[in-house]
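Okay, so here's the structure we're looking at.
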C-alpha cells in the first residue's frame with residue numbers, strides 16, 4: 001500500500017498501519033529501489049514482518065508496490081519521502097526491529113559527505129526508534145562509505161558495529177547483482193544500539209478533518225481598497241533557527257493566482273525544512289464582513305509543521321506590506 005505523507009499519524013503505530021498483524025516484527029527499509037530485497041528477506045521469517053519502505057524515486061515506488069503485491073505481501077507500507085523525517089516524526093520510540101539500508105548513495109565527491117544518510121545524528125535517531133536487540137543493517141560496495149559509516153556510528157556514542165556477512169536477500173538487489181557480475185565485493189555491518197537516547201518528535205500535525213478547525217494555520221485581515229495582486233513577485237523568507245535546529249525553515253512564495261470559485265486568491269508556497277519539502281496552497285478568501293481569511297488549504301495533503309505555519313505568516317506579512325490591516329493571527 002502506498003501512503004502519502006498526510007496518510008500517516010505523528011507518531012503512528014504498528015497497530016494502525018498493520019491492523020491484521022500488529023504483533024509481528026516491524027522492519028523499515030531505506031531506499032528500497034525496485035523492491036527486490038523485501039520478498040527475499042521476508043521469506044526467511046516464519047511470517048512476513050510488517051514492512052515500512054521509504055524511497056525518494058516515484059518510479060521505484062510504483063515498481064516496488066507492484067512487486068510486493070505480486071508476492072502477496074499485504075502488510076507492507078511504501079512511501080515517497082526522505083528517511084530522516086519519516087523516522088523522526090512517524091515511527092514511535094522503541095518500535096522497530098531493524099532498519100535496513102542496502103547500497104545507499106555514497107555521495108563520493110569532496111564536500112558531499114554532509115548529504116550521506118549514515119552520519120552520527122542518524123545513528124542517534126535510529127537508536128531511539130529501535131527496540132532492544134534491534135539493529136541498523138548496512139550493505140554496501142563502497143569501501144570508503146562503509147568505513148565512514150562505522151566511524152560515524154562510533155562517534156554517535158550509541159552504536160557499535162558488528163561486521164558480518166550480508167543476508168543473502170541483500171545480494172538479490174539490482175545493485176548487488178551488478179557488482180557481483182563485475183567481480184566486486186560488498187561489505188555488511190550490523191549497527192547495534194548500546195544506548196537508546198530520547199530523540200523527541202517534532203511539532204508536526206495532520207491536517208484536521210475540517211478546514212475550519214482552529215488548528216489550521218490562518219489569519220484574518222482587511223485588504224486595502226487599492227490592493228493590487230499584480231504587485232506580487234517571487235519572495236523568499238527564512239527563519240526558525242534554534243540550537244536544536246540550526247537550519248530552520250525556508251519559505252518561497254512562488255505564484256499568486258486568482259480564484260475562479262470565490263472572491264479571492266491562492267498563493268503557491270514552497271516550504272523546506274531540512275530534508276522535508278512541501279508545496280502548499282494558501283487561500284486568501286473574502287468573508288461576509290468584508291475582511292479576508294488567509295488559511296492553509298487542504299489540497300495536496302499537507303502536514304502542519306513549523307515551516308508551513310511560517311508560510312501562512314509570510315503570506316500575511318506580505319499582504320500587510322501591501323497595506324492590509326491584520327486583525328488576528330492564528331499560526
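The first residue you see is number 1, and the count goes up from there.
Keep in mind that glycine also has a Cβ here, set from the backbone N, Cα and C atoms.
As written in Swiss-Prot, here are the features:
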type: ACT_SITE; residues: 105; note: active site
type: BINDING; residues: 29, 55, 105; note: S-adenosyl-L-methionine binding site
type: BINDING; residues: 109, 141; note: substrate binding site
To which of the binding-site residues 29, 55, 141 does the lowest count of other Cβ atoms within 10 Å belong?
141
Going by DSSP, give the three-state secondary structure for residue 105 (active site).
coil
Out of the recorded positions 105, 109, 141, give me the one sitting nearest to residue 29 (S-adenosyl-L-methionine binding site) by CA distance.
105
Judged by the number of other CB atoms within 10 angstroms, which among 105, 109 is the least packed of the recorded positions?
109
Other residues with Cβ within 8 Å of the Cβ centroid of 29, 55, 105 at the S-adenosyl-L-methionine site?
30, 31, 32, 33, 53, 54, 56, 60, 83, 101, 102, 104
In Å, rounded, how far does the Cα of residue 105 (active site) sit from the Cα of residue 55 (S-adenosyl-L-methionine binding site)?
12
Please report how many Å separate the Cα atom of residue 55 (S-adenosyl-L-methionine binding site) from that of residue 109 (substrate binding site), as a whole number.
22
